[in-house]
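Visitor: Next up is a structure, given as structure tokens.
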Amino acid sequence: MNSSIAILLVMALIMFSLDKSYSTDDESGNKCAKTKRRENVCRVCGNRSGNDEYYSECCESDYRYHRCLDLLRN
């Protein structure tokens, strides 16, 4: 009886840790909320482009973010 409870507790801990690690990847895709640097870079590129959607595209897409970094370096 005690060994089955111990096994259930271990399984519950494993499931909880897996659920917690996957739930952080399931956010809305806004990576600007995670890092202040990315938010600032995307804001500058959005202001320079004059395109209202550029900021949100930069926050969601790694390709757009790296392209923005390249534009700011030049």
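Cβ coordinates are placed from backbone N, Cα and C, and glycine is handled just like the others.
Quick caveat, the model's predicted, so the values are computed rather than measured.
Pulled from Swiss-Prot, these are the listed features:
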SIGNAL    1-23  signal peptide
DISULFID  Cys32-Cys59  disulfide bond
DISULFID  Cys42-Cys58  disulfide bond
DISULFID  Cys45-Cys68  disulfide bond
Visitor: If you count other Cβ atoms within 10 Å of each one's Cβ, which of the disulfide-bonded residues Cys32, Cys45, Cys58, Cys59, Cys68 has the most?
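Guide: Counting Cβ neighbours within 10 Å, the top one is Cys58.
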Visitor: Which ones are near Cys68 (disulfide bond): of the disulfide-bonded residues Cys32, Cys42, Cys58, which have a Cα within 10 Å?
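Guide: Candidates kept after distance check: Cys42, Cys58.
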Visitor: Hey, what's the Cβ neighbour count for Cys42 (disulfide bond) at 10 Å?
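Guide: There are 23 of them.
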Visitor: Going by DSSP, is Cys45 (disulfide bond) part of a helix, a strand, or coil?
Guide: helix
Visitor: Could you tell me the C-alpha distance between Cys58 (disulfide bond) and Cys45 (disulfide bond) in angstrom, no decimals?
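Guide: Between the Cα atoms of Cys58 (disulfide bond) and Cys45 (disulfide bond), the distance comes to 8 Å.
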Visitor: Give me the Cα-Cα distance between Cys42 (disulfide bond) and Cys59 (disulfide bond), rounded to a whole Å.
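Guide: Given the Cα positions, Cys42 (disulfide bond) is 7 Å from Cys59 (disulfide bond).
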Visitor: Based on DSSP, name the secondary structure state of Cys32 (disulfide bond): helix, strand or coil.
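Guide: Where Cys32 (disulfide bond) sits, the three-state DSSP reduction gives helix.
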